[in-house]
Each structure stands twice: as C-alpha cells, then as structure tokens.
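These come from TrEMBL:
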| type | residues | note |
| --- | --- | --- |
| TRANSMEM | A:20-44 | transmembrane segment |
| TRANSMEM | A:91-113 | transmembrane segment |
| TRANSMEM | A:120-140 | transmembrane segment |
| DOMAIN | A:151-342 | domain 'ABC transmembrane type-1' |
| TRANSMEM | A:152-175 | transmembrane segment |
| TRANSMEM | A:196-214 | transmembrane segment |
| TRANSMEM | A:226-242 | transmembrane segment |
| TRANSMEM | A:288-309 | transmembrane segment |
| TRANSMEM | A:321-342 | transmembrane segment |
Amino acid sequence: MTAQPYLSNRRLQRIRAEYFGSAGSGLLTLISLGLIIGIGWAVLNWALLRGSFTATATQAECMAKGGACWSVIAVRWRVILFGIYPYEEQWRSAIACAVVVVMTILSCLPVMWRFWRLAAVWGLGTAAFYILMRGGYFGLIPVDEQQWGGLALTLFLFVTTSVLGMPMAIGLALMRRSDLPVIARVTGIIIDTIRSLPLLSILFAFAIVLPFVLPDALTGDKLYRVIWGGALFFAAYEAEILRGGFQGISKGQEEAAKALGLPYWHRISRIVLPQAFRLALPATINQIVITFMETSLVVVVGFVELLAAGNTAYQTGEWKFAYVEVYAFISLIYFSFVFGLSRYGAYLESRMNAGQRKE
Amino acid sequence: MSPLPFWRSRSVRRIAVQTAFIAILVAGLGLAIVTAHINLAAQNMTSGFAFLTKSTAWEMNFALLPVSRDDPYWWFMLMGVLNTLFMGVIGLSGATAIGLVVGLMRSGRNPAARLLGTIYIEVFRNLPLIVQLYFWYAVATSLPGPRQALQAHGFLASSRGIYTPGLGVSYGAAVQMLTALAVGGLAAVWFVTAQRFRKVERPARRAGLWAILGVTLATCILAAVLGHEPGTLWITTPELAGLSIKGGVRIQPEILSLALAIMLYGGAYVGEIVRGGFKAVGRGQIEAARALGLTNWQVFARVRMPLAFRAMLPILINQYVWLIKATTLGIAVGFSDFFMVIATSITHSGQTLELIGILMAGFLCINFTLAAVLNRLNRAIALKGNLVGVAT
C-alpha cells in the first residue's frame with residue numbers, strides 16, 4: 001500500500017488501496033466485479049431487453065427474441081396468486097392478501113407495540129381475512145377451504161401459524177421456567193423433541209396420521225390440522241427464543257415484583273414478558289421470517305399454495321418451457337416479503353443497540 | 001388464627017397441579033392409542049413391529065447398498081437412514097465450503113468481494129429452500145434427453161442426470177472405499193476430540209492423525225485394486241450407447257437438485273455465521289499479532305481463524321442440525337431419504353403409529369449424535385475459562 005506521489009486525489013488513492021492494494025486483492029476485485037457485471041448483464045438482458053411481455057406471444061415468438069417469456073405470467077398470474085379460487089370471486093382473495101400486508105406493516109410500527117393494539121390488529125385482521133375468503137356472511141358466496149390457493153393460502157398459513165403459535169410459545173416458555181419440577185422437565189422434553197424433528201414430518205403426521213389416532217369429532221379439516229402442526233413447531237422454537245429473553249432479565253426484577261406482593265400473572269404480564277419480548281425481538285423476527293418461508297412446505301402434503309400454484313401454472317403442455325419465468329415470479333414475491341421483514345429486523349436491532357449505548 | 005385448610009396448602013397445590021398435568025398428558029396419549037386400536041381393528045390389522053421383517057414389494061430409486069422389492073422393511077429403513085446421512089454429509093460439507101468462501105469475502109477488506117458475497121447471501125438466504133429445490137429439479141429434468149446429451153471434458157449432462165468420469169472398480173469396492181473413508185473420518189474426529197489424547201504431546205498427536213489418514217488411504221487403494229477387473233480401464237468415461245449412456249458415474253436429478261439446493265441455501269447461512277465469527281475476534285488481538293511482526297497470512301491462520309472458529313462453532317452446531325433435517329425435503333422431488341421411506345411405508349403397510357415412532361426415534365438419534373459429537377469438539381477446542389455455554 002505505497003502512496004503514489006502523482007495521485008493527489010485522496011479519494012482515488014483510497015479506492016486504489018481498497019480495490020488494488022495488492023496483486024491478490026486486485027485479482028479478487030477483477031473477478032468479483034466481472035462476476036457481478038457479467039451475471040447482472042445476463043439477467044437484465046434475459047429478463048428485460050430480450051424479454052417478451054405481450055400476453056399473446058407463443059413459444060416460437062419468445063424463442064425468436066431469445067429472452068424471457070413473461071407471457072406465461074400475463075396469462076397465468078391468476079392461477080399463481082389465487083389457485084383454483086372461483087374466478088369471479090378472486091377480488092375477495094386479492095383484498096384478503098392486502099389485509100395481511102397492511103396488518104404486517106401496521107405491526108411493524110412502534111406506535112402499535114402495545115399488547116391490546118397488536119392483539120386487536122391481528123385478531124380483527126385474521127377475522128377479516130377469514131370472512132373475505134370463506135364467505136357466507138354479508139352476502140358473500142361461501143367458498144370452501146379446499147378451493148383456497150396461491151398467495152392467499154400462503155398468507156393465511158403464515159398468519160394463522162403465527163397467531164396460534166405465539167400464545168402457545170408463551171405458554172410453553174412459562175411452563176419450562178416453572179418452579180414445579182415435573183411440569184418444567186416434561187415441557188423441556190416436549191420442546192426439545194419437537195425441535196429435533198423436521199417440520200415436514202410434523203406436518204405429515206398432523207395431516208395424515210392425526211385422523212387415525214383421534215376420534216372423528218376432534219379431527220377437523222386437514223388445512224387446520226396442518227396449521228396446528230406448524231403452530232406447534234413455531235411455538236417450540238419461539239419458546240426457546242423467549243427463554244433466552246427471560247434469562248437476559250436480572251433476577252432482581254421479578255424478586256422486586258414479588259416483594260411488592262404482585263400476583264404471578266401480574267409479575268409475568270407486567271414485568272417479565274415485556275422485557276423478555278424486547279430482548280428476544282430480533283430473534284423473534286428472524287423466526288417469523290423463517291415461518292413465512294416454511295409455509296411453502298405444505299406443498300408436500302398436497303396444498304396448492306404459492307409454490308404449488310406456480311408449479312401447476314407451468315406444468316400444462318404449452319408453457320412447459322417457461323419454468324424459469326414462473327419460478328422467477330414466485331421467487332420475487334417470496335423475496336420481497338422475506339427481504340423486507342429481515343431488513344426491518346436488522347433496523348430494529350440497530351435501533352435497540354443505539355438506545356443501549358446512550359444509557 | 002386457624003390453620004389453613006389442606007387444599008390451600010402450597011405443597012398440596014403443587015402436587016395437585018403437577019398430577020393433573022401428567023394426567024392430562026397420559027389421558028391424551030391413551031386416547032390416541034385406544035382410537036388407533038379401534039381403527040386398526042376396523043381394518044382387520046394388528047399393531048406391533050412384526051411388519052418390519054415382511055418384504056416391502058416396492059422399489060427404492062436410490063440406495064447405497066443393493067435393495068430389491070423382496071427386501072424387508074427394516075432393510076429399507078436402514079437404507080433410508082444411510083441416504084439421509086449420505087445427503088447430509090454432501091450437503092453439510094458443500095454448505096461449509098461455500099459458507100467459508102462467502103464469509104471470508106464478506107469479512108475481508110476488498111469492497112468488490114464484499115459486495116459479491118452480500119448479493120449471494122441476500123439472494124439465497126431469502127428464498128425458501130423448497131422453492132430453490134423445485135427450481136434446480138426443473139433445471140435438471142429439462143436438460144436434453146440422453147441422445148442429445150450435452151458433452152464436455154468427459155462429462156455428460158442429460159435429463160436423466162449428470163454423468164461424470166468414474167473409477168473402473170466394481171460396485172462392492174466403491175462401497176468398501178466409501179465405508180473406509182467414513183470410518184477414517186470418524187476415527188480422526190474421535191482422535192482429535194477424545195479426552196484421553198488431550199495430554200499427548202503435539203508431535204505424537206500429529207503422527208497419530210497421519211497414521212489414521214494413511215491407514216484409511218491404504219484401505220481405499222487396496223479395495224480399489226481388488227475390485228478392479230484386470231484388462232479394463234482405470235477411469236471410465238460416460239459414453240452414448242444406443243438409447244442410454246454407459247460408463248461413468250450417474251448422478252440422478254433428484255440427488256443433484258437436493259444437494260445443490262442444500263449447499264447453496266446452507267452456504268448462505270453458514271457464510272453469515274462465519275462472518276459473525278470473524279467479527280467476534282477482538283481488534284486488540286489482531287493488532288497485537290501485527291505488532292509482534294506476524295505476516296498477514298500468519299495473522300489470519302494463527303490468530304483470526306482459530307479464534308473465529310471457536311466463536312462460530314456453537315452456532316454452527318444448530319445450523320448443521322437444521323440442515324440435516326432439511327434433507328427430508330427430498331420427498332418433494334423423490335429422493336428416498338429416511339422420511340420418504342417411512343412415508344411410503346405408512347401408505348403401504350398402514351402401521352402408522354409404529355412407523356411414526358421409528359421416524360421420531362431415528363431423527364432424535366441422528367440429531368442428538370451430531371450435536372453431541374460437535375459439542376464434544378467444541379469443548380475440546382475451547383480456550384480455558386472461555387467456554388461458551390452449550391447444552392449437551
């Protein structure tokens with residue numbers, strides 16, 4: 001990193017030092033930039049410059065242009081987003097999706113971080129989603145759960161798994177730290193067992209095995225069984241995250257509350273849980289992001305959510321060649337949700353750290 | 001003041017609550033078992049593990065050892081476990097290699113390399129694994145048919161899989177070589193981590209490691225020589241023969257896509273862990289190393305790398321357990337791992353409860369063993385008085 005006398009420009013000097021500090025570093029720069037520009041150009045060229053965007057383009061026309069055939073999306077986007085939901089009613093599905101997006105954005109705002117506000121948003125939002133999708137009220141035509149699909153089903157799975165899983169997680173975490181030894185031990189074993197099983201096997205067990213071991217009255221629809229399975233899995237992981245949060249609170253807090261004569265539930269709900277949640281927030285958001293991605297596993301037990309709907313969209317004869325376009329489209333949807341949420345998590349983490357530095 | 005009635009006594013309440021908790025759990029389990037028995041009786045079936053010795057009457061599309069439809073269930077399950085471990089080893093080593101490269105790029109000083117690493121991680125970490133798996137499977141099965149297979153440098157790519165040049169040895173010899181490698185690897189891990197070798201001098205330990213390596217390699221070469229048919233080529237390359245492809249090693253699209261998806265997705269996560277590990281190394285230690293006059297490479301290899309490795313290992317353990325569980329996704333593309341064998345067995349034999357029990361026991365064993373071995377390694381390499389708490 002020798003300073004070059006003829007390079008008076010400081011900035012240029014710094015760039016030179018960072019990018020071409022040594023022969024190895026220079027080579028690394030060239031390779032990295034070459035890869036980024038090469039792949040970026042190839043993707044741009046394929047997707048936009050040579051892509052076909054008209055809804056009527058056929059395979060031959062797309063091939064002639066030599067790029068992406070977005071016609072498959074133009075023709076099949078309704079299947080990808082809404083599955084086999086009745087065509088005339090798909091506006092309901094679209095509004096329901098919008099409700100979930102609004103709900104997620106609302107709960108990201110710090111103004112909403114009060115228990116009752118969050119509970120109200122998620123309770124009302126889930127109810128609105130369900131009524132819109134299921135119908136039967138307000139003159140909406142009933143649509144059976146078996147006809148739900150696409151993005152709407154993915155979002156439904158995500159929302160219900162989190163809404164059911166979070167209280168379960170709190171319950172499990174509290175039971176695990178209970179001072180009753182039997183309850184604490186047994187809960188610990190249950191949590192560890194669930195965590196060491198693959199989610200797929202739990203979904204499979206709930207979808208296919210549960211009707212076999214439960215009386216008919218308790219069985220319920222397959223969709224809801226799968227949701228309970230997913231919620232249980234989420235709860236086991238989230239309970240451990242909360243346990244980490246509990247461990248981060250100094251013992252004095254709870255002892256002080258006890259000394260003041262607060263009963264158990266007040267100690268937990270007013271003193272312990274708020275602080276534990278604050279400590280566990282980054283990991284919780286990470287877990288919620290993972291839960292969103294894992295909704296796509298239900299494709300294995302036969303649900304037509306976003307991924308499966310995408311598969312059916314290209315697996316009909318005429319579009320078989322256009323699988324890259326379809327996967328690019330659904331990847332973009334997953335990516336925007338997941339990337340947005342994880343960026344938000346990173347922002348929160350830095351915000352909280354900033355607060356701690358000041359203290 | 002009159003004494004409290006017994007139901008308000010603290011110890012009685014504690015016992016009552018715990019008894020009720022256990023009673024509810026037992027009642028739930030009992031209900032499940034009774035219902036299962038009623039359902040079984042309705043289908044004229046018996047519970048128990050007798051079905052394990054019956055032949056399965058279905059085929060497995062991939063197994064490391066010979067399997068036929070006349071083999072019993074237990075053999076199929078064993079092959080399933082082997083396949084899971086096989087995919088786990090490939091996936092974990094691939095993910096670790098990719099993660100190391102990406103993590104180093106991200107924690108280096110070169111901005112161009114950092115940018116490339118960041119793009120990689122953001123793309124592959126933010127897409128569901130199963131979406132990536134379906135994509136790679138679609139790519140692998142959309143390659144041209146065997147007759148128009150793409151050829152380059154002795155490799156063939158067709159919709160039936162990728163064909164690579166292979167050793168000209170019998171199948172049995174290949175299995176023996178793989179076994180030798182696996183046993184040798186396990187022995188090396190045991191040798192490095194076992195308590196009883198801790199006190200041995202450094203040169204002696206190094207010699208021991210070389211000895212294990214040598215014996216493993218010698219066994220492999222011996223197996224290869226014995227399994228080689230004299231007069232044939234040592235390296236076979238895949239070639240078109242009529243409608244099919246002869247010679248070489250075939251990598252099925254299922255294995256290819258699953259391995260690729262796990263490696264790329266896992267690599268992104270491992271990359272972040274590696275970066276976190278390097279970030280955890282104190283600046284003071286690096287500066288002290290520089291002040292002592294160590295070269296850049298020495299600072300990296302003797303100070304940063306060992307410290308970073310210790311910092312990242314506990315998190316890596318969790319990631320590895322997660323990646324092993326991710327091999328169950330093989331069922332989506334038809335790779336016969338342990339889970340797929342169990343799922344198929346349930347549809348064919350109907351012995352649901354027993355099979356679910358075996359599935360759970362199998363995964364608990366695999367994951368606890370993996371975690372135990374890695375935790376042992378973690379304790380063996382931890383600096384004194386600096387042990388990061390990891391439950392065994």
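Glycine is treated like the rest: Cβ placed from N, Cα and C.
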Considering pairs 6 or more residues apart, do the transmembrane segment (A:226-242) and the transmembrane segment (A:152-175) have at least three CB pairs under 8 Å?
yes
Do any residues, 6 or more residues outside the transmembrane segment (A:152-175), come within under 8 Å Cβ-to-Cβ of it, and if so which ones?
81-83, 85, 93, 96-97, 100, 103, 122-123, 125-126, 129, 133, 183-184, 187, 190-191, 226-228, 230-243, 246, 268, 273, 288, 291-292, 295-296, 298, 303-307
Close approaches to the transmembrane segment (A:91-113) from elsewhere in its chain (Cβ under 8 angstroms; 6 or more beyond its ends):
81-82, 85, 121-122, 125, 128-129, 132-133, 135, 140, 143, 148, 150-152, 155-156, 158-159, 341, 344
Counting only residues 6+ away from its ends, which parts of the chain sit with a Cβ under 8 Å from the transmembrane segment (A:196-214)?
222, 225-226, 228-230, 232-233, 294, 297-298, 300-302
